[in-house]
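Structure, as structure tokens:
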């Protein structure tokens with residue numbers, strides 16, 4: 001299979017699935033060769049989906065029923081607050097959310113970093129994850145605890161020091177097999193590929209977004225969207241005005257502690273307007289994606305409705321339950 005990749009020929013879904021299972025047993029040299037060759041060739045939606053499906057199938061099993069996940073690939077180098085995690089907390093007031101994530105990739109606060117700064121225990125067992133979904137509609141799936149098949153691959157990936165297919169697989173590798181997803185990507189070229197990969201994985205409804213350089217919906221500029229609905233894919237663009245909001249700038253974030261402080265302020269209802277809009281538009285898209293909001297403006301209203309004492313109390317419940 002390595003020769004095929006070096007010759008710039010694409011793999012089928014099945015071949016990509018098999019390749020992941022080969023890599024987990026390969027030597028470091030051959031793992032590096034495969035990853036570098038695949039990165040040089042570029043990967044298709046079938047290859048992305050094949051790897052993601054193999055990651056899910058090799059992961060520790062986690063049956064949580066129909067859940068939503070909101071996640072981004074990272075890698076946009078924008079150093080924003082962790083919007084997808086803030087949105088996940090808001091969304092847990094309306095639906096079951098299983099947030100799959102890790103420590104920071106390129107931002108200053110990955111989902112795991114933020115949740116720890118908010119006082120939430122991220123290193124929980126599958127049994128605890130199920131209990132949290134049932135009791136508070138939210139759980140965090142800390143990726144390193146659920147993907148033992150990556151044990152040999154990850155050190156090689158780190159040693160290589162270049163981007164590989166694993167840089168974009170995180171949002172697709174949730175072992176809870178979410179029925180609904182909002183996926184942010186760091187390149188407009190990835191929007192269609194990730195949408196088609198989600199189709200291969202059998203998602204019910206999903207949106208893939210790229211916001212003018214952000215792996216989120218931009219509160220300032222145009223965002224490209226691929227909407228996946230039971231096999232169909234529609235492509236369109238949205239702006240903050242479509243959400244009924246004025247355009248606001250993205251304020252950089254410099255640490256998990258700062259991200260937690262600013263997000264907590266948004267959840268309390270007294271955060272900076274720029275942070276508030278950023279969180280609201282991304283929450284609104286997720287509420288629209290799962291069918292709770294009929295349009296984006298209603299999504300903003302629903303997200304706004306839970307800000308304040310209600311969501312702060314919920315955050316405390318999540319933190320307490322995660323440690324019990």
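Placement of Cβ uses the backbone N, Cα and C atoms for every residue, glycine included.
Here Swiss-Prot flags 72, 75-76, 80, 82-85, 99-107, 111 as 5-phospho-alpha-D-ribose 1-diphosphate binding site, drawing on sequence analysis. According to Swiss-Prot, the anthranilate 1 binding site annotation covers 72, 102, on the basis of sequence analysis. The Mg(2+) 1 binding site feature in Swiss-Prot is assigned to 84, 216. For 157, the entry in Swiss-Prot reads anthranilate 2 binding site, with the evidence type sequence analysis. Summarising the annotation, Swiss-Prot assigns Mg(2+) 2 binding site to 215, 216.
If you check the binding-site residues 72, 100, 103, 157 against residue 215 (Mg(2+) 2 binding site), the ones with a Cα inside 10 Å of its Cα are 72. Classification of residue 215 (Mg(2+) 2 binding site) by DSSP places it in coil, neither helical nor stranded. Ranking the binding-site residues 100, 157 by the number of CB atoms within 10 A of their own CB puts 100 at the top.
In this structure, the C-alpha atom of residue 72 (5-phospho-alpha-D-ribose 1-diphosphate binding site) lies 7 angstrom from that of residue 216 (Mg(2+) 1 binding site). Around the Cβ of residue 80 (5-phospho-alpha-D-ribose 1-diphosphate binding site), 22 further Cβ atoms fall within 10 Å across all displayed protein chains. Note on the binding-site residues 84, 102: the fewest other CB atoms within 10 A surround the CB of 102. Rounded to a whole number, the distance between the Cα atoms of residue 216 (Mg(2+) 1 binding site) and residue 84 (5-phospho-alpha-D-ribose 1-diphosphate binding site) is 8 Å.
Closest to residue 80 (5-phospho-alpha-D-ribose 1-diphosphate binding site) by Cα-Cα distance, out of the binding-site residues 102, 157, 216, is 216.
Secondary structure at residue 157 (anthranilate 2 binding site), as computed by DSSP, is helix. Rounded to the nearest whole angstrom, the C-alpha distance between residue 102 (anthranilate 1 binding site) and residue 157 (anthranilate 2 binding site) is 16. Reduced to three states, the DSSP call for residue 84 (5-phospho-alpha-D-ribose 1-diphosphate binding site) is helix.
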